[in-house]
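Engineer: Per TrEMBL, transmembrane segment is recorded for B:9-27, B:33-51, B:72-97, B:109-128, B:135-155, B:175-196.
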Amino acid sequence: MEHVIELKNVNKSFDRFQVSDVSLAFKKGFVTGIIGSNGAGKSTIIKMMLNLQQPDSGDVRVFGMDYSSSEKNIKDRIGFIFSEDVLYDELTLHDQRKIIAPCYRQWDDALFHQYCEMFELPLKQKMKSFSKGMKMKATLAIALSHHADLFIMDEPTAGLDPVFRREFLEIMQDIMLDGNKTIILSTHIMSDLSSIADYITYVEKGKIVFSKEMHDIEENYALVRGGIELLDSDTEQYFLSVKKTGAGFEALTSDAVAVEMLFGANVVIEKASLEDIMYYSQGGKTVAAVD
Amino acid sequence: MLQLIKKDLYIHKLSWLIYFAMLVFFMYFNKDIFFVIALMSAIVTMYSFYYDEQANGHKLWNSLPFTRSEIVSARYFSLLVVTLIMTVVTVTVEFVLHGGWNTVLWQELVGSFVLLLISGSIFFPLFYTFAQRNAVFILVILSILFVIAGVHVLYYSYIWLIENTMIVQSMGEGLFWSTATAVSLVSYGISWGLSIKIYKAKELL
């Protein structure tokens, strides 16, 4: 299967943080969600995909090309969205279009106006009068108007109200109907991903914990609750994380079938949500924003 | 890259009217052409850095199909374009307000050009190294103050050279200003290369 982005043994160090030995491949035609707590390294990985930061070592290839020789060709095919505003407050959306549209080879003005109409965006109003949601819609309209093959989004839904978040996710689903588009989005709001993501990459402390199909995660990860007497050094090996209380234990497994065969009806097995997976993977610390 | 230069001019939008009003104001009160061109060009160019910084421009323009070399080079070209625009407007306003030009006009034009190249040579790498949301405004103010001070330093140095040394006389005014232009162009070129190197290594947070 064709990979849109490949990261091989990528390392990046900062004063107090590092991304270590990241190897990832993102498949064409799918939505991949990058999850992890705040400061886990999601944005750093996204920025390296966009060449906003360069790895200290390792290889980043997008559409099979590298940034050193094909930066403009790569970026011409990417639509990007950041959680921060990247538009000029003193300009109108019409002005923004004027300075950004000529940068893209495949800019489609009719499509841009269609999205502006759909999102009810005023073209002649200064950006500083736009709400956070409207600014996001403006960025989205721009990202969608040049027939990009790949959309890279860093926390696109951060700070948005639930109604627009839902709307945003529906737009993402519409984009994917094409079949040739690829979306990579980072978020710490897990509920955003359950409806649209095909793959999940979980990052923690600058390392990839796993990168799996959403379907696999739903099938195999489970929360297990039972009496403490069931735990010993052998049975604990079936769990990624175990939280013991006076009365019993609660644990996360990545092999629900094996656990069911082992404990049978002596335990309660529930499907684990992405929040559960993050929570237990970090030893029970609060990590995910639950919505 | 042409689009980046256009952007540098376009983001000022209605501020151009304020710049024009300031220019006419200075000219009306007989400020030197040298001073007006240098000051107004510096204000426009340095404010481009400010506007970009306020809009997360580094992130925006580096995510669009441009290389970092192009982004830096566009800013160096922008200064030349803005200087040309300000020169044409100032000279025209001078003609309209005062009915003609004085005989040392060409020296004032060359002087402002030299000063702007030197200020760009010094401040552009500083912008690419240090400009963050808060620091950028300080750099804008410092660079404009540098140009204002530079006008006086260059003017009085030139007078001093004429009155106390034989340098200008022995070289001739033409050769003197040609040499000054060549030196400032070389420093501008070195600064250009340095800024590209700095910006290529910059981490965009």
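Numbering starts at 1 and runs along the chain as it is shown here.
Glycine is no exception: its Cβ is also placed from the backbone N, Cα and C atoms.
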Engineer: Any chance the transmembrane segment (B:109-128) and the transmembrane segment (B:175-196) have 3 or more Cβ pairs under 8 A, given the pairs are 6 or more apart in sequence?
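Structural biologist: Answer yes: the transmembrane segment (B:109-128) meets the transmembrane segment (B:175-196) with 3 or more Cβ pairs below 8 Å.
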Engineer: Determine which recorded stretch among B:9-27, B:33-51, B:175-196 has the most C-beta pairs below 8 angstroms with the transmembrane segment (B:135-155).
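Structural biologist: Maximum Cβ contact count belongs to B:33-51.
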Engineer: Counting only residues 6 or more past its boundaries, what in the same chain has a CB within less than 8 Å of a CB in the transmembrane segment (B:9-27)?
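Structural biologist: Contacts with the transmembrane segment (B:9-27): 33, 35-36, 39-40, 43-44, 47-48, 51-52, 78, 81-82, 86, 89-90, 93-94, 97.
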